[in-house]
Amino acid sequence: MAISCRQSRVLPMSLPLPLTIPLPLVLVLSLHLSGVCGVIDRLVVQTSSGPVRGRSVTVQGREVHVYTGIPYAKPPVEDLRFRKPVPAEPWHGVLDATGLSATCVQERYEYFPGFSGEEIWNPNTNVSEDCLYINVWAPAKARLRHGRGANGGEHPNGKQADTDHLIHNGNPQNTTNGLPILIWIYGGGFMTGSATLDIYNADIMAAVGNVIVASFQYRVGAFGFLHLAPEMPSEFAEEAPGNVGLWDQALAIRWLKDNAHAFGGNPEWMTLFGESAGSSSVNAQLMSPVTRGLVKRGMMQSGTMNAPWSHMTSEKAVEIGKALINDCNCNASMLKTNPAHVMSCMRSVDAKTISVQQWNSYSGILSFPSAPTIDGAFLPADPMTLMKTADLKDYDILMGNVRDEGTYFLLYDFIDYFDKDDATALPRDKYLEIMNNIFGKATQAEREAIIFQYTSWEGNPGYQNQQQIGRAVGDHFFTCPTNEYAQALAERGASVHYYYFTHRTSTSLWGEWMGVLHGDEIEYFFGQPLNNSLQYRPVERELGKRMLSAVIEFAKTGNPAQDGEEWPNFSKEDPVYYIFSTDDKIEKLARGPLAARCSFWNDYLPKVRSWAGTCDGDSGSASISPRLQLLGIAALIYICAALRTKRVF
């Protein structure tokens, strides 16, 4: 008789035996099964929710145990749709944690059907509201040494975890209480994204870095951020409080902290890291009073909470929520008088309908209809106000940007103007049309200042116009908010290290004009170039090794520098950053980044806004004509530009 060790999704811990089987035979069968399934038994981890069985992979000559699809919350369906997450019910059998979970409900990007450069960001599993699951990668040796069940601090065999120190890169690392844990939060504009994407595979990071890596799904779009509480009587506030996607993240992080020892990790040695909306999520989890102090080390890639796309007011979120209700034929006018009826209606609407209809409120480049909301609870105030009273003396931050943050979004929002493969010679009138569209919510004075700042005065005007718009988008929405926030973090006591990724990878499928795209650094930080089956150049493999090392060193020490390497802390007074590049001729340290351009956004433009507000008033005082006002602005910018040449950045 063949005996299979394959397990169903949940197996009972014991099965009733027929009374006619003699006890000696039972023992023989038990010993035989133990021998056959012994390897699989090593893959069972006792968590606080129940036992889970993963799978073993060998990477770079090292064994890693991988657990995918561990539920951390009840499926947020039916009455739980739009509500805060509820912890998963414990299970008693062994849970099969070898398959990928569903992706939270979202729409696919299909502007370029069949194009792999776009497809890598689309869901690679079925979409479902039942999506709140965790993934864990744990080095096998460390997990078997330190892994302890959540109920006793011991190994399954009853022995205490040993106190050996592991060696990494020749440096002794004190892992007596377990390994460091890195927790990844994916991006996608709070509208899309999935922890299951191939680019987020952490096999190499866990194996080479000798760290535990985890990731999880969280709700996006209206399912994660519908905010209606202010419109309803107080007793209905929990029907759609908003920010439940952030509450999902918080619950997953707490679950991982509670179960760190079970996987061989140290719950006091945790680092959050993420990119774009995932980076802003890291920011939110570090700063929110709900999770403050839960983790004190974070890596933020191309995204901070002060970015225009990364937060919205309660009023704006309510406006968008009411529009969605009406688009779903559930009558938002009844929210105050009959909220139960409205929410019952919204919970009866097909998930696909909500997923599609929510995009009706997309209002222009990087103006997504869902974002973290200033709700008075998870986010009590706007990000920079929260920063004013923050005490961050024990916090370590690694943050940065890529060189061409804006081109990806420019292409998608103005697809009728640009080609993904070839550069476009853009006439001045089209340039002005696009710039006025992007910055249409700014005052006229601000728009004129922005256009002046990003007008090319040399070279081929047509191609330069395209490049300058990309720079304006990248600076405004990503690099300069990051720059501003990094300075504020340092001022509040955090230890901040800043990087700037400038390498255009040889594997890029996008046109040369798009440069170093938003998200291009992810594969390098995850160590993908170390995978010899992938087509990277030798210098790129070295860069991948260096960048993975920076992540690991930061997770272990709070400082991304390698032994003997200089990487000073970043501050407003000394804005030193580290350049990740394959070009050995480039100095690794510089000042900025983009200090002059970011001074325009962070220091000068707010003054233009205040001046415009003064002149636009309808008081009896004399006002400056728009023409003189704009000439004055242009003159001031010119003076600033002249002064820049005497500064070192």
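Each Cβ is built from the backbone N, Cα and C atoms, and glycine gets one as well.
Annotated in Swiss-Prot:
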{"type": "SIGNAL", "residues": "1-38", "note": "signal peptide"}
{"type": "CARBOHYD", "residues": "Asn126", "note": "N-linked glycosylation site"}
{"type": "CARBOHYD", "residues": "Asn174", "note": "N-linked glycosylation site"}
{"type": "CARBOHYD", "residues": "Asn331", "note": "N-linked glycosylation site"}
{"type": "ACT_SITE", "residues": "Glu405", "note": "active site, charge relay system"}
{"type": "ACT_SITE", "residues": "His518", "note": "active site, charge relay system"}
{"type": "CARBOHYD", "residues": "Asn531", "note": "N-linked glycosylation site"}
{"type": "SITE", "residues": "Asn569", "note": "site 'Not glycosylated'"}
>> Here's one to test understanding: among the recorded positions Asn331, Asn531, Asn569, whose C-alpha is closest in space to the C-alpha of Asn126 (N-linked glycosylation site)?
In response: Asn531
>> I need the most crowded of these recorded positions: Asn126, Asn331, Asn531, Asn569. Count other C-beta atoms within 10 angstroms of each C-beta and give me the top one.
In response: Asn531
> So of all those recorded positions, Asn331, Glu405, His518, Asn569, which one's Cα sits nearest to Asn531 (N-linked glycosylation site)?
Replying inline: His518
>> I need the CA-to-CA distance for Asn331 (N-linked glycosylation site) versus His518 (active site, charge relay system), whole Å please.
In response: 39
>> Please report the distance from the Cα of Glu405 (active site, charge relay system) to the Cα of Asn569 (site 'Not glycosylated'), rounded to the nearest angstrom.
In response: 23
> Residues with Cβ closer than 8 Å to the Cβ of His518 (active site, charge relay system), same chain and 6+ apart in sequence?
Replying inline: Ser276, Ser302, Val402, Asp404, Glu405, Gly406, Thr407, Tyr408, Phe409, Gly474, Phe478
